[in-house]
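Participant: Encoded as structure tokens, here's the structure I'll be asking about.
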Amino acid sequence: MSNTSNFNERVTENAKPPKNVKSIIWKTIGIIIVMAIIIGLILFYVLPRNTIANISNIQYVDGNLVATATINGRSGRFILDLENSTYQTSYTSGLSLSISVFLRNLNNANGQSFFVSLIRPATSSANDAVFNIANLSINQTRGVATLVTEGGSYSAVLTTTLTALPLTGQKFLPEGFNLDTANTDAYRAAGAIPGIQRLLAVGNVQLPNQSTAILTQFLTSIIPFVILIVIYIVIARRFSRTMGAGGAIGEDGENVFTIGKSQAKLAKSTFKFTDVAGIEEEKSELIELVDYLKRPGKYVQMGARTPRGVVLYGPPGTGKTLLAKAVAGEAGVPFFQVTGSAFEDMLVGVGAKRVRNLFAKAKKAAPCIIFIDEIDSVGSKRGKYEISAGSATDQTLNQLLAEMDGFSTRTGIIVMAATNRLDVLDDALLRPGRFDRHIQVNLPDIKEREAILKIHSRNKNISSKVNLLDIARRTPGFSGAQLENVLNEATLLAVRADRTSISLTDIDEAIDRVIAGPAKKSRVISDFEKNQVAHHEAGHALVGLHLKGADEVQKITIIPRGQAGGYTLSTPKDAELNLKKKSDLLNMIAGALGGRASEELFFGKDAISTGASNDFYKATNIAKTMVTQLGMSDLGITQFLPSEGGINPNARYYSENTAQRIDEAIAKILEEQYQVAYNIIKDNQNELKLIVEALLIQETIVKNDIDYIHEHLKLPEAIIKLKEEQLKEKAAAEKEEQAEKAKLDHQSDSAQPQEEPTASTASSN
């Protein structure tokens with residue numbers, strides 16, 4: 001019932017919008033690329049690398065063939081020992097060598113130039129070459145360097161003495177040979193033929209750092225796996241968040257890793273009790289809670305225990321949720337809002353975990369309010385229909401009971417709940433110490449409806465001719481939400497008609513829309529159907545007019561709305577109390593059956609329509625309640641069906657004989673009240689015909705016209721004038737139609753060609 005005009009605008013929640021899946025994917029790819037670049041740069045500058053050497057000279061030093069290299073790295077100058085196996089280790093796989101060789105042969109005065117480069121790494125076999133540089137082979141075991149060219153095979157023995165080898169074309173390199181100081185001409189003249197006269201260095205040699213080789217191999221082997229693991233974790237986290245935001249696994253970013261977290265939303269409420277109209281008694285019950293949240297020390301000093309829980313129950317739309325928000329707004333404390341169905345999920349045990357998570361959050365934010373809307377979905381009676389009482393819902397309820405009043409103490413937390421069915425809640429949940437106070441929020445009475453209408457009309461331009469009290473009288477049984485909807489629909493109708501203010505006509509149409517839906521004036525209805533609907537609705541109204549203590553007939557219409565061809569609106573005469581007498585219930589049954597009785601009386605049993613289907617449903621339910629729950633039949637005061645809680649369809653509450661007696665008692669009540677309605681209509685046929693005539697003329701008649709017909713047994717002057725105008729318009733339309741038809745006939749005759757006289761006719765003339 002309690003409402004405000006800007007409900008959605010005044011509550012800010014921390015809900016995050018769902019993320020776009022494509023944007024997440026592209027963002028993830030970008031992060032991976034940036035990480036790869038950063039890791040590559042780190043490896044480039046951190047990992048040990050081979051030294052780059054530039055060979056400048058090759059010579060014998062102390063019986064060993066060595067190369068002098070200029071280092072362009074970290075080590076300065078370095079002596080490359082070609083004969084020793086310094087590099088004959090498992091870490092020489094990265095060694096590469098490029099040498100330019102200039103070979104001059106005495107048999108070839110012009111000389112030849114060759115370029116050779118490393119083709120495979122050295123091996124550890126004694127019979128294999130330590131280095132294989134294209135067609136240049138250096139064997140440290142034999143001490144022989146061999147170069148194979150197109151002109152033949154040239155070998156140099158790397159020993160301390162000149163040794164003649166039995167190989168044709170072998171060339172010898174003597175001990176003490178120095179490339180820089182060697183007199184090549186003297187060697188040629190002496191007949192000593194150096195096989196390699198000039199070995200100019202050249203090229204680049206990568207010298208592996210053996211001390212860091214193990215670390216290098218370890219890092220190069222483990223880092224790729226680390227990168228893959230990091231990428232997998234990033235993608236998995238992004239994917240889980242994306243799936244959660246998209247709803248594939250859960251809502252609000254929920255996924256399998258966070259499914260146990262509470263779905264309660266923390267909202268800061270700005271509602272006040274002044275924004276809540278009516279329900280003054282209910283508000284006074286909650287003032288004490290507000291005072292406790294503001295000044296809890298006062299209650300502690302007096303030794304008082306503040307109510308730990310408050311449950312609000314009543315029909316839908318009466319303002320239970322807004323009352324809770326008003327309490328939070330008045331106290332100025334955090335407000336956790338969650339629905340009862342949000343605790344359960346596809347996994348067993350999730351509900352209990354979410355309850356624990358919710359109260360853990362509340363303890364950190366205390367003092368605060370936890371509001372559970374529709375608590376009956378999680379707090380219904382345990383073991384009601386299930387064979388086993390250990391269902392997942394029962395586990396959630398047990399955890400909720402323990403959190404509300406268990407071994408663990410909680411201070412500053414007030415639990416509020418709302419439900420439409422207090423009778424289905426578990427008794428342990430409703431006991432003192434958990435939900436101490438049970439506050440019923442009923443439908444508003446006429447004064448409360450007027451107050452609600454005033455609140456919702458604050459920001460609306462309503463015509464001065466509109467009386468909100470009259471609207472409140474015409475809307476009995478309306479909840480606060482329905483009243484707000486009436487004014488909103490009226491505003492939309494005024495805007496649609498380009499009016500600057502809301503008129504009484506807009507409000508009348510809005511009330512009809514809320515009750516029966518929008519009018520379907522375009523629906524094609526035959527005169528017979530329209531006449532039958534008028535008799536049906538007039539039957540309802542006539543029975544209500546003649547039954548003592550029945551509700552007042554406020555309005556009758558035969559304009560189709562929704563699935564109904566028309567409807568009759570009745571309101572209570574006296575104060576609107578939930579207490580109903582037996583005579584009131586019987587009058588309601590008779591009024592509901594008046595439509596069918598009128599059809600049968602005026603059209604016969606074979607011409608009755610299906611329009612009474614909903615009437616029978618209402619009448620049967622009332623009669624069934626009277627017999628099985630209220631003790632208002634010949635069967636006595638026995639209650640055959642429970643009036644509280646759900647009814648198990650598989651349970652047997654009575655025997656077959658009793659079931660037959662119940663059916664007979666229900667049928668008896670319906671037959672008796674149908675006969676009452678039939679007799680009233682039969683005795684007042686003239687009055688019913690006047691109501692039918694008024695409906696056929698005006699389609700909708702209100703209380704003033706209905707009361708005038710009932711008291712004077714004639715049509716009101718306004719309806720008579722409308723009838724005369726309709727007759728004149730009809731006569732004028734018929735006259736115009738006849739004139740148009742005659743005109744068309746004349747044009748048709750003039751358009752036909754005349755026959756020429758025949759020869760016989762002419763001669764006779």
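Quick reminder: no glycine exception, Cβ is built from N, Cα and C everywhere.
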Participant: For the Zn(2+) site that Swiss-Prot gives with His536, His540, which of Asp470, Asp606, Asp615 also belongs there?
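Facilitator: Record check against Swiss-Prot: Zn(2+) site with His536, His540, extra candidate from Asp470, Asp606, Asp615 is Asp615.
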Participant: Other than His536, His540, Asp615, which residues of the same chain sit close to Zn(2+)? List them in sequence order, counting a residue when its Cβ is within 8 Å of the Cβ centroid of the site.
Facilitator: Glu537, Gly539, Thr568, Ala592, Leu593, Gly594, Gly595, Arg596, Ser598, Gly611, Ala612
Participant: Can you tell which of the recorded positions His536, Glu537, Asp615 lies nearest to Gly317 (ATP binding site) in space, using Cα positions?
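Facilitator: It is Asp615, whose Cα lies nearest.
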Participant: Report, as a single number, how many Cβ atoms besides its own are within 10 Å of the Cβ of His540 (Zn(2+) binding site).
Facilitator: 28
Participant: Just the number: how many Å between the Cα atoms of Glu537 (active site) and Asp615 (Zn(2+) binding site)?
Facilitator: 11
Participant: Just to be sure I understand the packing, how many Cβ atoms besides its own are within 10 Å of the Cβ of Gly319 (ATP binding site)?
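Facilitator: If we count other Cβ atoms within 10 Å of Gly319 (ATP binding site), we arrive at 27.
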Participant: I need the CA-to-CA distance for Asp615 (Zn(2+) binding site) versus Thr321 (ATP binding site), whole Å please.
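Facilitator: Spelling it out, the Cα of Asp615 (Zn(2+) binding site) and the Cα of Thr321 (ATP binding site) are 33 Å apart.
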Participant: Taking the Cα atoms as reference points, how far is Gly314 (ATP binding site) from His536 (Zn(2+) binding site) in Å?
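Facilitator: Each residue's Cα considered, Gly314 (ATP binding site) and His536 (Zn(2+) binding site) end up 34 Å apart.
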